[in-house]
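K.L.:
The structure follows.
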């Protein structure tokens with residue numbers, strides 16, 4: 001294990017180590033995993049370590065406004081013995097919600113030989129997997145107000161013995177027009193549609209270390225293609241996905257597609273969103289026979305996890321309506337256009353027993369309510385969505401509780417949209433969501449996210465692996481295709497380098513990146 005060096009003794013590394021080690025790895029129903037229990041950023045143990053005086057209070061209007069602001073930035077992104085296997089990350093298949101990053105989930109992944117760990121954002125709305133690499137413009141670490149410093153791992157093809165360049169004649173190379181100066185290296189650029197946010201560099205092939213999600217401890221080294229992100233711009237320099245982004249989209253360049261095309265897993269994966277902020281991701285998971293399902297709408301120029309809805313029911317008030325929406329794990333809240341938005345909101349108001357509050361521009365939600373003194377959770381109207389095919393999707397928690405200095409109230413956690421309809425992560429909480437690209441269906445089942453025994457898999461094909469192709473993702477726009485070169489990051493003598501175990505230290509500190517950086521963090 002790489003030694004941990006910190007540039008100041010003020011940062012209580014020992015206490016952090018104790019908190020992480022005592023949570024430990026654990027067996028879940030006989031399946032060997034290496035997950036860690038992570039304390040919420042606003043829990044008392046963490047408050048005792050990291051000051052929070054300047055942060056928006058969790059549950060406050062400013063807190064939810066910050067989450068909605070993050071959504072606005074990224075809604076336009078492009079962000080067994082028999083062979084029955086589900087694969088997860090070798091460092092553990094737990095995913096973690098970093099609350100102040102907008103309910104996004106993160107996972108610790110290991111790349112290269114020797115392996116390096118990266119805390120990457122998991123995003124079903126993006127396709128390409130990229131990590132900071134030989135950076136000329138990226139976050140290389142953080143300096144805290146206490147004086148402590150934390151450095152991220154930065155990937156470099158020159159230091160991994162299994163690294164290979166992706167040539168311009170590869171089927172994965174989309175920007176071949178930028179290859180004139182170097183045909184042996186394929187450039188990439190993912191340009192997000194707002195706030196000048198982008199990642200660019202060159203495509204690399206290297207091994208992603210995966211562990212079979214069963215009783216066998218073997219690690220699989222899966223060759224995958226990803227972006228060597230030499231230049232990050234916009235919000236990527238302010239804490240959004242600071243150590244990389246793991247695209248889970250339908251495009252063939254996404255990691256689920258590559259794993260399936262290489263014959264390692266079935267072309268399906270699941271994400272489970274627990275109410276405690278801890279979840280799971282499993283590649284090759286096709287869910288269970290008793291799960292609910294609805295077909296994907298894939299007859300589009302740019303395929304996404306788009307489904308159709310046919311009814312909205314609030315309590316017994318059922319209304320027929322036809323519209324489509326994208327299931328997007330990278331969006332905090334649910335966004336609906338009219339008429340679906342107004343229909344749902346007005347129906348919720350008519351069924352609510354509490355008085356609606358006047359609109360408040362300081363929060364993203366339009367429909368908010370003052371609870372009566374004897375209010376309890378039983379008076380919150382239930383919401384059920386009927387999907388194409390008749391399956392019911394019950395919303396586990398349709399509201400957000402908001403507290404300010406002198407009052408507390410709750411809001412319907414749906415935001416009015418002016419473009420695409422999105423079922424966000426708040427509506428997915430409490431479910432295992434299965435993205436079955438083989439059957440072309442979305443599946444779901446209520447889950448506490450710790451039981452995977454009822455998942456089903458498909459046997460791995462025995463024929464040769466199929467090479468993945470490429471596709472331009474929906475919510476992105478390509479750049480000029482020019483090759484962007486970069487020098488390796490400067491060496492640092494006193495740094496905290498993050499191994500798979502040490503990386504869990506970050507799980508206690510990163511939950512306040514996007515909001516904290518503007519207040520009392522600065523990029524190194």
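Glycine is no exception: its Cβ is also placed from the backbone N, Cα and C atoms.
From TrEMBL, for reference:
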- 123: active site (ACT_SITE)
- 328: active site (ACT_SITE)
- 105-445: domain 'Peptidase A1' (DOMAIN)
- 1-30: signal peptide (SIGNAL)
- 501-521: transmembrane segment (TRANSMEM)
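Neighbours and distances for these, please.
P.N.:
According to DSSP, residue 328 (active site) sits in a coil region rather than a helix or strand.
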K.L.:
Identify, among the active-site residues 123, 328, the residue whose Cβ has the fewest other Cβ atoms within 10 Å in this structure.
P.N.:
123
K.L.:
Could you give the mean pLDDT over the domain 'Peptidase A1' (105-445), rounded to a whole number?
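P.N.:
It averages 86.
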